[in-house]
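A.B. asks: Following this message is one structure expressed as structure tokens.
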Amino acid sequence: MLPYHTLQEAEVALGRGLTLPQTIWFKYSANKPDFLLHCHNSLFLLFFYSIAPIPFLLMELGGNYKLNKHKIQPKVKRTFWEMFKCYKDVVHTFVIAVTPLQIISYPTIKWIGIRTGLSLPSGWELFWQILVYFVIEDYLGYWIHRMLHYKWAYQKIHKVHHEYSAPIGLSAPYAHWAEIIILGIPAFIGPVLVPGHITTYWLWFILRQIEAIETHSGYDFPWSCTKFIPFYGGAAFHDYHHYVGEKTQSNFASVFTYCDYIYGTHKGYQYIKQKGRENSTYTKKYKMK
Ligand SMILES: [Zn+2]
Ligand SMILES: [Zn+2]
């Protein structure tokens, strides 16, 4: 909640006129308690989870030849009802795990000083903070994911996420509630270490979720703009991890590839890629299954 009642009051206090984004932010947030602004995160996550996978869902159901040739595991077809069940299960986990986690984390968010005021982040601040959040989450997530592949953790927790050996966009957050909480922690660490504005905080979670949906989409488009991001894993990279399943020793990182290269957990994937190149496309291995 802002400490000003009117736009004029805010302008007098700041000693200058408000920019357009600041005016919009003032009108939106001036009378909303910080807790309510923090809880927006859950709504945004649910909203973007509900709309971002729709293009992939339509591609899967439409069966367009031109798009289908970019499908990583083309022999696996999902029906509408299979996808709807996935959505329903994820929303259930969302209600029992994500929302309580968001509420519980509020005192921490307050304590570290995520700001809600009129000093909105510049484009540069947004860029570098979100980049730092991605790198931190990716590194910690890599190790947690590796631990989730230990026998006990896999059987009790991570097995649920691997039910999809050919993932779809909707299955990105399809996981045991404990995994949602465990893997949610690295996503909070970035904002805790480098706190910013609440709009940066919202944007971070939205981008991370869209990235996970694209990574699980089951489609690898050569024209995707993510191909220009250095060390970006993408759909084919993570799809291979799902394809091999429990016994995989490859591709544990969630966003970038550098952890797998540094710690040597890229070799299985590298071998398949090499084999694929010899057979014109690396997806050939999947298609021959
Ligand atoms: Zn895994
Ligand atoms: Zn996955």
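Here, residue 1 is simply the first one shown, and the rest follow in order.
Just so you know, glycine gets a Cβ as well, placed from its N, Cα and C.
Copying in the features that TrEMBL gives for the protein in this structure:
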type	residues	note
DOMAIN	131-265	domain 'Fatty acid hydroxylase'
TRANSMEM	43-65	transmembrane segment
TRANSMEM	86-106	transmembrane segment
TRANSMEM	126-144	transmembrane segment
A.B. asks: So what's the mean pLDDT when you look at the domain 'Fatty acid hydroxylase' (131-265)?
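C.D. replies: Within the domain 'Fatty acid hydroxylase' (131-265), the model's average pLDDT equals 94.
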A.B. asks: Report the DSSP secondary-structure composition of the domain 'Fatty acid hydroxylase' (131-265) as helix, strand and coil residue counts.
C.D. replies: 90 helix, 4 strand, 41 coil
